[in-house]
Amino acid sequence: MALRPNDVTLRLTPPLAAAARRNRRAAAGGVRVYAVASGAVSTKVENKKPFAPPREVHVQVTHSMPPQKIEIFKSLDDWARDNILSHLKPVEKCWQPQDFLPDPASDGFHDEVKELRERAKEIPDDYFVCLVGDMITEEALPTYQTMLNTLDGVRDETGASPTAWAVWTRAWTAEENRHGDLLNKYLYLTGRVDMRQIEKTIQYLIGSGMDPRTENNPYLGFIYTSFQERATFISHGNTARHAKDFGDLKLAQICGIIASDEKRHETAYTKIVEKLFEIDPDGTVLAFADMMKKKISMPAHLMFDGEDDKLFEHFSMVAQRLGVYTAKDYADILEFLVSRWKISDLTGLSSEGNKAQDYLCTLAARIRRLDERAQSRAKKAGTLPFSWVYGREVQL
């Protein structure tokens with residue numbers, strides 16, 4: 001659930017008044033899409049599709065990786081088979097959602113559901129907003145598999161390709177699919193959330209896609225996934241700790257087991273980028289700096305529930321306040337990756353590579369300073385109704 005650093009600094013004003021929100025929603029029939037080229041002046045593009053949410057989409061740069069570099073990834077297929085597929089688990093050894101949920105075939109099913117619902121009554125709405133947001137993010141998995149299959153040199157060319165890259169993408173997707181299934185079923189059983197509004201949000205999100213700005217470029221794509229897997233590991237880990245604090249040990253176990261998967265996937269993606277630094281340090285450090293200058297966005301940044309066209313922003317504000325995922329986490333992830341990939345130790349770089357190295361090694365500290373300054377100036381945000389919790393007001 002990756003917030004961008006400026007998301008936090010720009011979200012600290014109180015939310016719009018209810019009347020203003022209603023007016024905005026009423027005017028949302030003609031959807032506005034903002035196309036922004038890197039370093040260019042914003043250009044407003046009118047999108048007349050009434051079923052799509054208002055959203056910001058950048059000018060789509062495609063196939064930015066030089067064709068000769070595709071050969072790097074083809075040559076790494078055997079390496080990926082030996083070093084990346086080992087981070088997958090055989091299906092028979094994987095946990096399944098049913099392992100953590102009441103058994104509908106059991107005579108004690110109704111009692112187990114009743115106990116689950118009793119525990120859920122002790123959990124506040126703002127936590128459920130974060131948990132729902134995490135679940136919706138996981139449920140947009142078709143988009144993420146699609147994104148991986150846009151990457152030149154590693155995509156699944158047939159839908160059943162035997163290359164190590166294609167095997168990884170399909171098996172990673174299959175493992176991730178359990179996360180949304182488990183959280184979805186748990187939330188349904190609690191009775192605390194409006195499942196129809198949540199299901200609408202999922203449909204809107206998958207229909208909207210995502211805008212990671214990875215340009216069909218596996219250098220950019222694997223840097224993005226390295227960052228995102230660590231972000232989801234942190235987010236699910238924090239929801240697990242909160243659930244434990246609320247006394248729901250089963251929910252803590254659910255969030256914790258998902259976090260452990262994300263950690264394993266993070267290890268695989270960061271290992272891919274580590275290999276790229278070994279083979280092509282200059283090209284990889286330039287790609288890393290490029291992604292950080294664009295700012296890493298959460299995969300679900302285009303979420304919409306049919307009512308709130310700033311839903312992702314408001315959800316992120318709640319997550320920031322509760323400490324589920326924060327600007328500090330964003331800076332910590334960056335710092336972790338800079339250390340993991342030994343950016344400060346790179347030598348023999350071009351002049352542009354040296355500039356990228358300096359930028360990356362100082363960026364985390366800059367982000368922290370900006371966040372501290374913003375927090376010191378921030379006014380207390382108000383409350384906002386979330387459709388996911390039946391329109392109840394939640395503190396931003």
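Just so you know, glycine gets a Cβ as well, placed from its N, Cα and C.
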Further Fe cation 1 ligand in Swiss-Prot, beside Glu138, Glu176, His179, within candidate set Glu262, Glu266, Glu274, Glu278: Glu262
Recorded Fe cation 2 site member, picked from Glu139, Glu199, Glu229, that accompanies Glu176, Glu262, His265 in Swiss-Prot: Glu229
Cα-to-Cα gap, Glu138 (Fe cation 1 binding site) vs Glu229 (Fe cation 2 binding site), nearest whole Å: 11
Sorted by sequence, non-Glu176, Glu229, Glu262, His265 residues with Cβ within 8 Å of centre, Fe cation 2: Trp172, Glu175, Gln228, Thr232, Phe233, Asp261, Lys263, Arg264, Glu266
DSSP three-state assignment (helix, strand or coil) for Glu176 (Fe cation 1 binding site): helix
Proximal but sequence-remote residues of the same chain as Glu262 (Fe cation 1 binding site) (Cβ under 8 Å, at least 6 apart): Glu229, Arg230, Thr232, Phe233, His236
Pairwise Cα distance for Glu176 (Fe cation 1 binding site)/His265 (Fe cation 2 binding site) [Å, integer]: 9
For His179 (Fe cation 1 binding site), the number of other Cβ atoms found within 10 Å of its own Cβ: 25
Fewest Cβ neighbours within 10 Å, where candidates are the binding-site residues Glu138, Glu176, Glu229: Glu176
